[in-house]
């Protein structure tokens, strides 16, 4: 009994500090992307999505690291921590779905896309993503007692089901757009690989393997906490990997083999339009 308890405590500590280290690294990487993409790189319709996606990842990792430090110092954790961190994650999911869907449509229907797309569509969709994420997360959290001690069971069930449906729809949209883009470029398109193809595909694959467990945790949080206590820390760790790895994708795709260049030049090549 004491051996199992000690093993569980060791596992929790390893996952906790690994999550903290990955989160700190992701903060540095996303901060670098925000600084250069926001101030030094000319933005187009797709890089606007990536700027907001970096901001969402930075918000998620900031909350995760901040509350982890508080937890390490005080030895306690409040449900409010999970709600605030999930806000950044959910906004990032919305932005990823919009980016991957638009990237897919622009390559399959290039003429229609260029002639019919409104000029400020990216900015409007990003603003909608941030605005609609707040009620989609905070309303069910309030009804289910995550923001205060009072719980309204019927309202909780109704709002939480709507929130989960919304999240799963966004996840399906992002994954479907990524799959269609991959099949189109690999099998059907005769043109050279479109710009941002690697970024869209890499971000969708990252979400599929590392971000989806965090959506599952939001959907079934009380049940998973009770039946599978190993799942929440692992889902949080994978979510941090998801948010921290996107700057690495930009760096790999922007780098030229055999050349040593400043990071700004690499990001310019990967993200500039």
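Cβ coordinates come from backbone N, Cα and C, glycine included.
On a predicted model such as this, the values are computed, not experimentally measured, just so you know.
If one looks beyond the transmembrane segment (14-37) by at least 6 residues along the same chain, the residues whose Cβ comes under 8 Å of a Cβ in the stretch are 43, 47, 50-51, 54-55, 57-58, 61-62, 64-65, 68-69, 71-72, 233-234, 236-237, 240-241, 243-248, 250, 263-264, 267-268, 271. Residues or ranges marked as transmembrane segment in TrEMBL: 14-37 (among others).
The domain 'G-protein coupled receptors family 1 profile' feature in TrEMBL is assigned to 29-250.
Beyond the ends of the transmembrane segment (49-73), by six or more residues, the same chain brings 16, 19-20, 23-24, 26-27, 30-31, 33-34, 37-38, 43, 81, 84-85, 87-89, 91-92, 95-96, 98-99, 102, 122, 125-126, 129-130, 199, 203, 236, 239-240, 243-244, 246-247, 250, 271 to within a C-beta distance below 8 angstroms of the stretch. TrEMBL lists 49-73 (among others) with the feature transmembrane segment.
Residues or ranges marked as transmembrane segment by TrEMBL: 79-99 (among others). Listed as Cβ neighbours of the transmembrane segment (79-99) (distance under 8 Å, sequence separation of 6 or more from its ends, same chain) are residues 46, 49-50, 52-53, 56-64, 67, 70-71, 125-126, 129-130, 132-134, 136-138, 141, 145-147, 167, 170-171, 173-174, 177, 200, 203-204, 207, 211, 214-215, 218, 221, 239, 243.
Using a Cβ-Cβ cut-off under 8 Å and counting only residues 6 or more beyond its ends in the same chain, the transmembrane segment (120-143) has close neighbours at 45-46, 48-49, 52, 83, 86-87, 90-91, 94-95, 98, 102, 151-152, 155-156, 158-160, 162-163, 166-167. The transmembrane segment feature in TrEMBL is assigned to 120-143 (among others).
Within the chain carrying the transmembrane segment (163-184), a Cβ under 8 angstroms from the stretch's Cβ atoms is held by residues 90, 93-94, 96-97, 100-101, 103-104, 107-108, 136-137, 139-140, 197, 200-201, 203-205, 207-208, 212, 215, 218-219, all 6 or more beyond its ends. Among the features that TrEMBL reports, transmembrane segment is placed at 163-184 (among others).
Under the heading transmembrane segment, TrEMBL lists 196-218 (among others).
In this model, the domain 'G-protein coupled receptors family 1 profile' (29-250) carries an average pLDDT of 88.
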